[in-house]
Amino acid sequence: MGSCARLLLLWGCSAVAAGLNGVAGANSRCEKACNPRMGNLALGRKLRADTMCGQNATELFCFYSENADLTCRQPKCDKCNAAHSHLAHPPSAMADSSFRFPRTWWQSAEDVHREKIQLDLEAEFYFTHLIMVFKSPRPAAMVLDRSQDFGKTWKPYKYFATNCSATFGLEDDVVKKGAICTSRYSNPFPCTGGEVIFRALSPPYDIENPYSAKVQEQLKITNLRVRLLKRQSCPCQINDLNAKPHHFMHYAVYDFIVKGSCFCNGHADQCLPVEGFRPIKAPGAFHVVHGRCMCKHNTAGSHCQHCAPLYNDRPWEAADGRTGAPNECRTCKCNGHADTCHFDVNVWEASGNRSGGVCNNCQHNTEGQHCQRCKPGFYRDLRRPFSAPDACKACSCHPVGSAILPFSSVTFCDPSNGDCPCKPGVAGPHCDRCMVGYWGFGDYGCRPCDCAGSCDPLTGDCISSNADVDWYHEVPAFHSMHNKSEPSWEWEDEQGFSALRHSGKCECKEQVLGNPKAFCGMKYSYVLKIKILSAHDKGSHAEVNVKIKKVLKSTKLKILRGKRTLYPESWTNRGCTCPILNPGLEYLVAGHEDVRTGKLIVNMKSFVQHWKPALGRRVMHILKRDCV
């Protein structure tokens, strides 16, 4: 088998050994685990050697070759001079095409005992195997080293010697499989054309997955060097009485083939030049293997070693070369309000290893792990999709009529609808006017009219019921005074905002607790102990937010303790809101359900009294004894 045929076979075998043949190649769409094409890493890069033949002056050198029957031919001699290209044998000759330029070689200076050949790479690469073809007899001893930190530290790949034990004190892999030293490639025959072959993933390495941590540790390199430690003579020289020994005292190498590929963790099938790298132009130096991956599977980095900025919802993983699983990075759910996210292991574990992405620097006035809610001082505009940049609108609470939250100097609105918390006697979604029966819009809200009827909302002067009067005092327009530096708060916190109080002209004839049979005869749907949190004038009706502290009775309704909304009889029906429910106070309320809407109604048929423990015990006694 010829030299070229041997090289082709070795390249194919090494690709199989590296476990890469089952992975999608450069012509695939990289839908599964994939890898860039393999090639000679020495092509287009500078090979360094300590010396070169004729580097100081013209030198005469000789070499032997054998016939097919291993009989010696007469030596051939020639001259070398590094200053003349047709007589030079530089290190770059080892990295030209072994097929197009098979008879070019590097040669050391005469009578050199130790020599070094080194390849420096501009990035991390996957190295699979080395093939060296010598023009001189192969060394009696040499070492192949690698570096993974750009030459700061080195680690041996393999020792080569005619006698491993005598030279290095190591066992021979000819005797012990997997030993780090071998005598397979140290025979002086053939005197020219002898090969040294090293496979980075020879047994005992498990090569099922070429992207596993163990395999990466074995294959990743930034530098590769060969230390030639001991020359040996061609046996033909012993029988040649006319030979001059010093003419044969050199190392010479035809080819230095470093087979490998761009290192992409199984997430790319093509690579680009590393920034700043310029390949060396040399005869036959085609198809340079570059080192910067064109990442797929939502990965990023020179080696696809981390997830792309908005794809950190699961931990980054290398692709699985055994199963072909791409292990894609997954997009974070940021609702269109963030450009980047990060992976949080605590969030990941709390979700049962389903989602760990946390959005960074939420935009468009949003906040939260997924930018899923509006910031304090903004509310959700339900007319816009939440992914829209203008989905969160600034609160427009009037700075005078709106209530200030405890421990804060800023007024916030309900983030779900933009409603503002009003001061006592103030009404409107933006708290910008006095309620009916109130006057004097100011820093303390609005004051009740001190009249039998209504009053002027500006002056408080009593007016007759027949007067043509504007019941609402509109306040001039204003601009939001939201301060973004204020601390955030939760709307659900218990607050005592303004109540919807009746005016002086309104009479609320509320139910009293008298005859138990009359109380039971009302057939109330619910009986509750509540605390008034806030009340809101909606124009056509009112809503009272309460905290249910105890459920004394609940028929068909499923009422739980917690926050709920009550719906008093509309002021448009009576000119005021009845019964009276003031914020911060506790009441015992018995009422009915609106069968059409399921709302809890409070009207003139309802029983509403300030809560007292004795009242609660009495009502419970009636419910258990009489209302059965």
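Cβ atoms here come from the backbone N, Cα and C positions, even for glycine.
What Swiss-Prot records for this protein:
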type	residues	note
SIGNAL	1-19	signal peptide
CARBOHYD	N56	N-linked glycosylation site
CARBOHYD	N163	N-linked glycosylation site
DISULFID	C262-C271	disulfide bond
DOMAIN	262-331	domain 'Laminin EGF-like 1'
DISULFID	C264-C293	disulfide bond
DISULFID	C307-C329	disulfide bond
DISULFID	C332-C341	disulfide bond
DOMAIN	332-394	domain 'Laminin EGF-like 2'
DISULFID	C334-C359	disulfide bond
CARBOHYD	N353	N-linked glycosylation site
DISULFID	C362-C371	disulfide bond
DISULFID	C374-C392	disulfide bond
DOMAIN	395-448	domain 'Laminin EGF-like 3'
DISULFID	C395-C413	disulfide bond
DISULFID	C397-C420	disulfide bond
DISULFID	C422-C431	disulfide bond
DISULFID	C434-C446	disulfide bond
CARBOHYD	N483	N-linked glycosylation site
DOMAIN	506-627	domain 'NTR'
DISULFID	C520-C627	disulfide bond
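All features noted in Swiss-Prot, drawn onto the structure.
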residue: N56; record: N-linked glycosylation site; Cβ contacts under 8 Å, 6 or more apart: A109
residue: C264; record: disulfide bond; Cβ contacts under 8 Å, 6 or more apart: N35, P36, C271, C293, C295, H303, C304
residue: C332; record: disulfide bond; Cβ contacts under 8 Å, 6 or more apart: L310, Y311, N312, D313, A338, C341, G357, V358, C359, H370
residue: C334; record: disulfide bond; Cβ contacts under 8 Å, 6 or more apart: L310, C341, G357, C359, C362, H370, C371
residue: C374; record: disulfide bond; Cβ contacts under 8 Å, 6 or more apart: N365, T366, E367, R380, A391, C392, P415
residue: C520; record: disulfide bond; Cβ contacts under 8 Å, 6 or more apart: I622, D626, C627
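When Cβ atoms from all protein chains are considered, those within 10 Å of C422 (disulfide bond) total 30, not counting its own. Only C397, C420, from the recorded positions N163, C262, C329, N353, C397, C420, place their Cα within 10 Å of the Cα belonging to C413 (disulfide bond). DSSP assigns C520 (disulfide bond) to a helix. Fewest other C-beta atoms within 10 Å: among the disulfide-bonded residues C262, C341, C395, C413, C434, that description fits C395.
On the 0 to 100 pLDDT scale, the domain 'NTR' (506-627) averages 82 in the predicted structure. Cβ neighbours within 10 Å of C392 (disulfide bond), excluding its own Cβ and spanning all shown chains: 23.
Of the recorded residues, C431 (disulfide bond) and C397 (disulfide bond) place their C-alpha atoms 6 Å from one another.
Cα of C262 (disulfide bond) to Cα of C397 (disulfide bond): a distance of 60 Å. Taking the Cβ of C293 (disulfide bond) as centre and 10 Å as the limit, one finds 26 other Cβ atoms among all the protein chains shown.
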